[in-house]
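**Student:** What follows is a structure written as structure tokens; I'll ask about it next.
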Amino acid sequence: MAAAEAGGDDARCVRLSAERAQALLADVDTLLFDCDGVLWRGETAVPGAPEALRALRARGKRLGFITNNSSKTRAAYAEKLRRLGFGGPAGPGASLEVFGTAYCTALYLRQRLAGAPAPKAYVLGSPALAAELEAVGVASVGVGPEPLQGEGPGDWLHAPLEPDVRAVVVGFDPHFSYMKLTKALRYLQQPGCLLVGTNMDNRLPLENGRFIAGTGCLVRAVEMAAQRQADIIGKPSRFIFDCVSQEYGINPERTVMVGDRLDTDILLGATCGLKTILTLTGVSTLGDVKNNQESDCVSKKKMVPDFYVDSIADLLPALQG
């Protein structure tokens, strides 16, 4: 049963048939796609997804890719898109379609730390996140393993800190540790130090319906220790959409957000006035949609897409007709 039928009066979240897709695409210039769980799972493309995106390009549609994953640079994501068959520009402009949280976090810190002499950030994250920061003039420390120093709390409290750290940035960090958490807290106790999280995704979809813990788990740990909230860059934050809009000159009324998560992709689209499509190849399910439709919570009712598809490969009949 379609979620719209299950949700009573809420007419949103109808299956995107070929006929509906043709009508929708006639009124759309730009399609923004999440990546993990939408285009691919791990290193495997969703069947039919590359063909669908190549067909959209052939129709003259402008594509953008908005990912909360901070473990890759824009250039690395552009290379993965080409490697898995999704097409896209080559050469110096290859990465311009990609808006990842590593890149957008760098833009945010460049704004917030403008005028600061030799800005520096303590990064709980990947070399890619550090590289994007350094590309805009923000030095980074902290990337990589950081074992406990000393025998107990007194030693941990007095472990040396880098001078002039003006922000703690929390991204996806497979080396996250108690020592890093303690250092982050100590930096955040210094006056004026910012706390920035790349995203709040609680888990990441991989192949065969499996998941791993996401960045949101790490951000929450730092927030709890510091007793303050982080500035969040990724979806559903408006900031990441503003990054896209400034570079693309988007008309929201002629733009679609396609994603697999109600609480990030679909909520971002609803907040920014975009049409939304949920694909069922990732995290959220039609059961989740039904729960949101039937909820009395206003914020949950925003997390209901206009349309849904089993996979973005479902767009192919509309594009080939």
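Glycine too: its Cβ is placed from the backbone N, Cα and C atoms.
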**Student:** Per Swiss-Prot, which of D231, D242, D260 sits in the Mg(2+) site along with D34, D36?
**Tutor:** D260
**Student:** Select one residue from D36, D260: among these recorded positions, choose the one with the most other Cβ atoms within 10 Å of its Cβ.
**Tutor:** D260
**Student:** Please work out the number of neighbouring Cβ atoms within 10 Å of the Cβ of D34 (active site, nucleophile), leaving out its own Cβ.
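**Tutor:** Summing over all protein chains shown, D34 (active site, nucleophile) has 25 other Cβ atoms within 10 Å.
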**Student:** Given the recorded positions D34, D36, D260, find the one whose Cα is closest in space to the Cα of L204 (site 'Important for substrate specificity').
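**Tutor:** Closest recorded candidate to L204 (site 'Important for substrate specificity') by Cα: D36.
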